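Per TrEMBL, these features apply:
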type	residues	note
BINDING	18, 102, 200	[4Fe-4S] cluster binding site
BINDING	47, 80, 130, 228, 229, 230, 273	dimethylallyl diphosphate binding site
BINDING	47, 80, 130, 228, 229, 230, 273	isopentenyl diphosphate binding site
BINDING	47, 80, 130, 170, 228, 229, 230, 273	(2E)-4-hydroxy-3-methylbut-2-enyl diphosphate binding site
ACT_SITE	132	active site, proton donor
Ligand code: SF4
């Protein structure tokens with residue numbers, strides 16, 4: 001608890017949109033402008049309720065499976081990536097595809113393909129059922145074994161303990177992943193590391209920023225959706241690093257005033273799929289209840305940008321929008 005009784009707000013930076021989400025959302029927006037509605041999107045383009053709702057209002061149709069898309073229509077693959085079999089299905093159905101998979105997810109897919117070609121068993125640290133994990137596993141289903149956290153390490157079986165590599169989902173808790181890798185290395189001393197971090201820069205930076213804020217906050221509010229892995233991790237990281245309480249909300253109106261009882265300092269941040277307007281609404285909500293202007297705490301400066309998917313770039317060159 002802070003000794004100061006003045007009600008104040010700390011605002012994490014970086015927060016919100018990462019380069020992969022920005023690119024994926026722009027992809028659907030530009031596709032709608034260029035080709036007209038409807039544009040089909042397989043799965044949620046990014047894991048955020050507000051983004052999906054806004055794009056739906058503009059003419060995007062979200063489907064769970066490629067077979068729900070009518071023949072000849074355009075389908076965008078989400079930022080989380082898809083297994084090769086999904087590309088094949090789309091081709092067989094005569095669909096026009098635009099692949100908005102984040103380049104940092106594609107990097108993990110390529111690592112999986114390379115390790116599999118070299119005969120490794122690949123221990124993929126990630127959350128069961130997450131779309132990114134399903135997509136990555138589809139690159140080498142006979143080689144990849146999911147490891148869902150440190151407690152799952154005992155369940156792993158491999159063909160040759162001398163030839164084992166690990167990879168991870170891009171949006172995990174950095175600390176928990178380190179703990180999982182340590183346990184894996186105890187079981188498999190010859191464990192091979194990925195060539196570079198799989199947990200992406202945006203996930204890492206948002207966790208660094210929330211850690212810095214958490215110890216000074218009575219309550220941390222994370223703006224994000226419940227199916228957003230990196231947003232849920234921010235809540236966990238905030239609690240582990242000193243916040244008395246941390247809550248996830250999609251919208252300001254979801255904040256329960258009871259959470260603020262006895263609270264002097266509120267930390268605010270947002271997941272990588274969250275537009276900043278939703279954070280500003282939270283700040284306004286707090287301001288109306290006697291909290292001061294937000295003090296921004298910048299821990300890392302971010303400049304990452306990704307170019308649009310190649311299918312879109314190609315068409316945009318023919319007829320610029
Ligand atoms: S969170 Fe990371 S991996 Fe996911 S879309 Fe953003 S930059 Fe890409």
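Here the Cβ of each residue, glycine as well, is placed from N, Cα and C on the backbone.
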Next on the checklist: Checking proximity to ligand 1 here: which recorded positions out of 80, 130, 132, 228, 229, 273 have their Cβ closer than 6 Å to it?
Outcome noted: none
Checklist entry - Name the residues of the same chain, 6+ apart in sequence, whose Cβ is under 8 Å from the Cβ of residue 228 (dimethylallyl diphosphate binding site)? => result 47, 48, 271, 272, 273, 274
Item to check | Under 8 Å by Cβ from residue 80 (dimethylallyl diphosphate binding site), same chain, sequence gap 6 or more | outcome: 43, 47, 101, 102, 105, 130, 131, 132, 135
Checklist outcome for this item: Comparing the Cα of residue 170 ((2E)-4-hydroxy-3-methylbut-2-enyl diphosphate binding site) with the Cα atoms of the binding-site residues 18, 200, 229, 230, the shortest distance belongs to 200
Checklist entry - Which of these binding-site residues has the least crowded Cβ, counting other Cβ atoms within 10 Å: 47, 130? => result 130
Checklist entry - What other residues of this chain sit with their CB within 8 A of the center of the CB atoms of 47, 80, 130, 228, 229, 230, 273, the recorded dimethylallyl diphosphate site? => result 46, 132, 171, 227, 231, 271, 272
Item to check | Cβ-based neighbourhood (8 Å from the centroid) of the [4Fe-4S] cluster site, residues 18, 102, 200 excluded | outcome: 19, 20, 21, 79, 104, 105, 170, 171, 201, 202, 203, 272
Next on the checklist: At a 10 Å cut-off from the C-beta of residue 229 (dimethylallyl diphosphate binding site), count the other C-beta atoms across all protein chains.
Outcome noted: 24
Next on the checklist: Tell me the coarse DSSP state (helix, strand, coil) of residue 229 (dimethylallyl diphosphate binding site).
Outcome noted: helix
Item to check | Rounded Cα-Cα span from residue 229 (dimethylallyl diphosphate binding site) to residue 18 ([4Fe-4S] cluster binding site), Å | outcome: 14
Checklist entry - Taking just the CA atoms, what is the gap between residue 200 ([4Fe-4S] cluster binding site) and residue 229 (dimethylallyl diphosphate binding site) in Å? => result 13
